[in-house]
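If you look up Swiss-Prot, you'll see 4-181 marked as domain 'Guanylate kinase-like'. The ATP binding site annotation in Swiss-Prot covers S11, P12, S13, G14, G15, G16, K17, T18.
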Amino acid sequence: MRKGILFIISSPSGGGKTTVADFLVGQDLSIKRSISFTTRQPRGEEKDGIDYYFVSKDEFNRLLQEGEMLEHATVLQNQYGTSHRYIEETLALGIDVLCCIDWQGAEQIRKKTNCISIFLLPPSLQKLKTRLTSRGTDTADVIEYRLKVALEEIQHFSKYDYVLVNDDLTETKQKVLSIITAEREKLVQNHRVVECFVASLLEQTI
């Protein structure tokens, strides 16, 4: 059994990473989305333990001090972090894990473990602003702040293994699914399985 692959999807806020991730885990039972810890309040219909683990700042800091975070970041005065234990235990079972995090979190993870990273670029800043506005969860000032942060985030695209322009969401979903499928078939991920299969072929007689 191969070890699972850790996939990272990043994008500016409103860039589509969460929507794409939800599609992937709905299509493929052999991949699970990592649920991040956060100190922010739930938005809309978000549920604890499904969308995020909503914790207090004291609880978050305790987890951080105990080494439970594979990566962490602060965004708009809210803290976010990925569980190190969940990632390792899930990968050990041969199940792939998908993390939706920003470029800073991706940078931290790259320094600690192997991963495949995908960055989603918005087709334009105007379309990104429209997406942020349509969510109806942020004030005008927060949206302007997110757009400024987006300009910083997209400059880090070259650190990623794959970069896609998310102009057509349906097309982007299929492209990311294809990337995951291709990565699973690489020999480095399946060397032992292929080696055993080839050995069995060599033992056969014609």
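Sequential numbering from 1, following the chain as shown.
Heads up, the Cβ atoms here are built off N, Cα and C, so glycines get one too.
A helical conformation is recorded for T18 (ATP binding site) in the three-state DSSP classification. Within 8 Å of the Cβ centroid of the ATP site, not counting the listed residues S11, P12, S13, G14, G15, G16, K17, T18, the chain contributes L120, P122, R131, N166. In this structure, the binding-site residues S13, T18 were compared by how many other Cβ atoms lie within 10 Å of their Cβ, and the smallest count belongs to T18. Considering only the binding-site residues P12, G15, G16, the Cβ with the fewest other Cβ atoms within 10 Å is that of G16. Counting only same-chain residues at least 6 apart in sequence, those with a Cβ under 8 Å from the Cβ of K17 (ATP binding site) are I9, S10, S11, C100, L120.
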